[in-house]
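Engineer: So that we are looking at the same thing, I have put the structure below in structure tokens.
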Amino acid sequence: MTQVTVKELAKVVDTPVERLLQQMREAGLPHTAAEQVVTDNEKQALLTHLKSGHKAKVEEPRKITLQRKTTSTLRVAGSKSISVEVRKKKVFVQRSPEEIEAERKREMDERRAVENAARQKAEEEAKRRAEEDARNQPAAGQPASAPAQPVAAAEPVREAPAAAAPAPASAAPSADARKRDEQRRPDKPRADDRNARGGDGDRKNAPHRASVKEKAPAPRVAPRTTDEESDSFRRGGRGKGKLKKRNAHGFQSPTGPVIRDVAIGETITVGELSAQMSVKAAEVIKFMFKMGTPVTINQVLDQETAQLIAEELGHKVTLVSDNALEDSLAESLKFEGESFSRAPVVTVMGHVDHGKTSLLDYIRRAKVAAGEAGGITQHIGAYHVETERGMVTFLDTPGHAAFTAMRARGAKATDIVILVVAADDGVMPQTIEAVQHAVAAGVPLVVAVNKIDKPGADLDRIRSELSVHGVTSEEWGGDTPFVSVSAKMGTGVDELLEAVLLQAEVLELKATPSAPGRGVVVESRLDKGRGPVATVLVQDGTLRQGDMVLVGSNFGRIRAMLDENGKPVKEAGPSIPVEILGLDGTPDAGDEMSVLSDEKKAREVALFRQGKFREVKLARAHAGKLENIFENMGQAEKKTLNIVLKSDVRGSLEALNGALNGLGNDEVQVRVVGGGVGGITESDANLALASNAVLFGFNVRADAGARKIVEQEGLDMRYYNVIYDIIEDVKKALTGMLGSDVRENILGIAEVRDVFRSPKFGAIAGCMVLEGTVYRNRPIRVLREDIVIFEGELESLRRFKDDAADVRAGMECGIGVKSYNDVKVGDKIEVFEKVQVARSL
């Protein structure tokens, strides 16, 4: 075997020689020099020594000490500061594996001992019961001696308190063992032992129970008989006279899917839907996530989405309406009384500038059109006029395209529509729209052909154009009266009123003046001094000052009523328009008004409508976002013009919102970030500042606080009183945001007839100009067989060895193309220019 010295061994184990000699001395080996030989036995002895030393170190519990120091500064009076240093120290000791193993063994021994004791007690209890059954068996088998058994068994029961007192310790273990034995037998229902006195009493009652079971044997799962229940009363103690109840579990797992009836209202949350289907909300959320709709448990779903989910999960859906409150309100508003004839409500409709308001002016003998900005109507005006033939209520609607919703409301609230058509202008887009609104509302038409005093008036042309849209004059065999009028001269106005009142007689309009007032909102605005003001048209009943009214989602008590001339009135009957003050907000035009006797009822219905409107709006907005998720992916690239819009009345605000949101295209859009009725306030200015928006005031002005913020922050605020102007300005702003298009104009085309070589420019094309003019230093394209093969710049242009700025059609020239020498005979050189063109919507 190879001899190994201390030095070689130190080199093998990668340890200094001095360190190895020291370890060998500690191991009791005689080596003192590096050249001494180490045998295998000595190596083994050294290895054993090193292992034992390492094991001792390992067995020592390892400690980890954590120290933390935090320094803070405490300020005291007099601008002084005190440095506070907090030191914390924690020591963690790791337990050895031997300790952990010993503890585990100890726990197992204790558990095994407990189980053995329990098993031994169970065996003793079973043995004791077997002995009791053996003792009771002869008593049941001998009927002659049976009467003596109850007496013998009853005596210990009466002496139970005295007998149980000396040995309570022996009674408790038997009760515990019996309880464990009952738990091991699941097929026998357990009795309610909460009122039991202990095992001793049960043991004394055992013979009595055995005799009862012998008298009425029954299977364990069968219901208990009357005798069994009567004998199950506890005897003695607190439980005297109480019947023992069986605690058998009645739940059975369903073998198939459970189909439930799910009632879904207009809105429902995910949690409510899952509760009705008896499934976890997480399952519904997971199902909707698979459908591509991420929701939360409190997400409000609209009726259609909830119906789809419930039906997909296999349940029956019943769509219900959450209008119990509305139904009770409708029942309370029913009124029976004597009906009388009422005045007709007539709406004047037609295209803009066709003379609607001027015609009403002549009828009212008042100059209303002069007071409208720009001479066009921008509000719904309501007036009632006393004529020789009776009273007529007129509604004047705007004719501009932006006021479509106003015209639709006017048609719904009216009995007869006067369609004004200019004789010199003919049928226009808003004229056709007015006809459609009247037909949709089922309202009869009377056509007033205005401006017949102008040259070029053609009545037959208007009859022909209107007949295309289903309006046929009486002269042509239809049922629509046509009346020629002149609002300026007053011609034909009496005949027009005659036709209107004739239509009203045919309709037989009735109303009940003694009923509570009911009507519709024509217009609403926010007055700085008087608060919300609503113009309402009373359709039935009588509206009185002091009435509690419910208008849409607003309510209030009428503090004052004004007629169309601004004069206060105490009451208003059917077909009378009035302004009412006292509402808690500005209602939307078209909202229904009802008089209620109870303020509490009005408040309850108003709050219900507000919450319902908010829930439906949120549900629809969320559904819209999910449906258009892919369409909206590119919306972030759109340029947006933010606008804060304030108007004098609610109808104009709605019309402006619709008109402005309709502007824009795929690259630019308008977003009305805020709006309302009333003047521009400080909060509106702050909203415009935060959203980088433009402030627009339509027939309103800004207060001092808003003007101060606008001046300090340099906001853009503009006032308007004509709807044309605001729409035109927004169009110009959007056009500026579009930028410009680059358009190419072809200036000239030259054909290559020959190719020359120049030491300075390379290949020179001898060309004939075919079309237009060829200019130097302009971009060109080289076409070969009408295919673009090069695009560059025209570097050299000569005519008879002289440089030329341009060469016209029909002349020859030499053309040098920059950085291109592959010119061939027959190629065409196209000279063009790029022009920036402003874009428009």
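Each Cβ is built from the backbone N, Cα and C atoms, and glycine gets one as well.
A quick note: this is a predicted structure, and the numbers were derived from the prediction, not measured.
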Engineer: Out of 375-379, 650-654, 680-684, which range is noted as region 'G2' by Swiss-Prot?
Structural biologist: 375-379
Engineer: Let's check the environment of Lys356 (GTP binding site): how many other CB atoms sit within 10 Å of its CB?
Structural biologist: 30
Engineer: Across all the protein chains here, work out how many other Cβ atoms are within 10 Å of the Cβ of Ile452 (GTP binding site).
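Structural biologist: A count of 19.
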Engineer: How would DSSP class Ile452 (GTP binding site) in three states?
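Structural biologist: The three-state answer is coil.
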